[in-house]
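The block underneath contains the structure these notes are about, expressed in structure tokens.
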2 protein chains.
Amino acid sequence: MATIKQEPDAAPCGGIELHTAHTLNGIKVAILLEELKEGYGKEYTVFVMNGSERETMKHWWIRIAPGGKVPCVIDRDQGRYAITEGHAILNYLTRHYDPALQYSFADPLEACAAEQWISWLHAGLGPAQAEAASFYRFAPDRQLGPTYYFYYKLKRYYNELNNHLAQRGYLAGLEGGRYSIADIAVWPFVDAIGVAGMELESYPNVHRWWRSVRERPAVGRGMRVPGGRPFVYSYEVGQRWAVDDPGGMRNAERPFRDALEAARQRFGD
Amino acid sequence: MATIKQEPDAAPCGGIELHTAHTLNGIKVAILLEELKEGYGKEYTVFVMNGSERETMKHWWIRIAPGGKVPCVIDRDQGRYAITEGHAILNYLTRHYDPALQYSFADPLEACAAEQWISWLHAGLGPAQAEAASFYRFAPDRQLGPTYYFYYKLKRYYNELNNHLAQRGYLAGLEGGRYSIADIAVWPFVDAIGVAGMELESYPNVHRWWRSVRERPAVGRGMRVPGGRPFVYSYEVGQRWAVDDPGGMRNAERPFRDALEAARQRFGD
């Protein structure tokens with residue numbers, strides 16, 4: 001793993017570069033890259049784009065990645081082609097580097113079902129969870145209206161996911177489905193459900209699916225890229241905190257939980 | 001065009017069915033279907049899912065379309081396969097029904113660039129504009145914090161699009177690009193920029209691109225599906241209203257504009 005301080009031209013590596021930060025969108029790409037490493041021996045190099053490095057956006061990064069965003073995959077074996085946006089990255093990587101279709105589908109209808117769920121994450125659960133977290137946790141003051149609005153939206157998405165998984169093991173694929181980029185796309189967000197003040201245990205089918213995906217070694221490694229630790233709002237971090245320092249966790253969460261409870265009281269649940 | 005009152009099994013048609021309402025996501029699919037009709041003579045049948053029909057979701061619709069959403073394309077020539085989510089629908093339709101690649105790309109890097117922009121719309125500009133409109137216009141009261149937050153987010157996406165189009169005619173494709181599903185995905189949202197209180201004229205490259213896409217006959221027809229009229233917040237409706245009834249428009253918009261102006265004053269622009 002390398003921290004990049006200059007334009008990647010000068011970086012001493014070839015093949016696939018993952019330019020990332022420890023975000024949910026970054027983790028999903030890292031999980032797929034870990035799977036491809038395990039499944040095919042395909043190597044990749046991580047470059048960390050943290051706060052200070054993002055300053056460089058003004059200079060060269062913005063030319064490569066639209067909007068200066070991370071994650072961005074650069075493929076040096078394809079003329080230094082740069083790709084942003086999770087859906088496009090997952091499709092690109094499997095099209096080029098998953099010839100045995102271990103994580104993707106040959107059948108066009110199964111492939112389309114995977115795309116529907118990736119797209120559902122992109123346009124639906126992903127933004128809803130980001131905004132729910134913004135108003136539940138990160139806004140400077142507690143605003144009941146938007147807190148409730150996004151909580152309610154997010155809850156609908158989790159119910160939808162829970163219903164879909166009632167008779168299935170994985171999001172896409174015939175019959176009970178099989179593990180694929182659809183699961184990889186959605187899993188990191190579900191893993192971080194606590195960021196928005198919600199609980200995995202409320203959605204038993206989602207919880208079961210979460211566990212079976214979590215058991216994959218590549219998922220365990222990918223969720224720690226970069227930095228070697230799980231995402232700060234991941235399920236495991238939350239569980240460990242609740243055991244190690246229950247009072248500390250309750251105190252930290254109390255203002256958020258109280259505001260959400262007040263919002264539910266006011267607007268109905 | 002038909003209004004469906006029962007499960008589509010009973011509907012007297014074959015081929016492609018578009019189940020839709022007059023939403024921006026619906027319009028993008030209708031535009032592509034109009035292009036496929038013009039380019040290949042591929043016919044499709046529209047089913048309108050309006051308020052009262054959505055009641056039926058509780059019964060059969062929810063089994064077909066995850067989350068009971070529209071638009072949904074059902075392909076009766078593929079075993080009645082149902083597809084939701086714009087990105088998945090655009091990919092599905094071009095893969096199956098655009099053999100001459102009039103609206104999509106053979107080259108995997110060009111195809112990936114198109115996917116990046118469709119994905120950018122899905123995860124970025126689309127949700128940002130929806131939420132900006134919610135707080136600018138549709139919320140029961142004017143809340144400066146979230147109004148500003150989403151206005152600012154949306155402005156960043158429009159700046160990004162404007163920069164991307166500075167040296168290009170279309171979103172994806174080599175050199176200056178060529179018209180494709182990437183433009184089809186993004187165009188209806190840009191056309192309805194006014195729903196969030198913003199103006200196309202502030203983004204000259206976007207405005208130029210908007211005009212050149214608008215000139216396509218299939219776009220003119222698709223934006224009127226279903227119902228035969230443009231979307232109520234489309235650019236043309238706004239322009240016409242400003243000419244026909246400027247006082248009425250000013251009065252209707254005033255509380256929203258005043259709140260946005262107050263938010264800009266408070267939080268900076």
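Just so it is clear, glycine is given a Cβ too, placed from its N, Cα and C backbone atoms.
Over in TrEMBL, the protein carries these features:
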type: DOMAIN; residues: B:13-101; note: domain 'GST N-terminal'
type: DOMAIN; residues: B:107-234; note: domain 'GST C-terminal'
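DSSP places the residues of the domain 'GST N-terminal' (B:13-101) in helix, strand and coil in these numbers: 47 helix, 18 strand, 24 coil. Looking at the domain 'GST C-terminal' (B:107-234) alone, the prediction's average pLDDT is 96. Across the domain 'GST C-terminal' (B:107-234), DSSP helix (H, G, I), strand (E, B) and coil residues number 90 helix, 0 strand, 38 coil.
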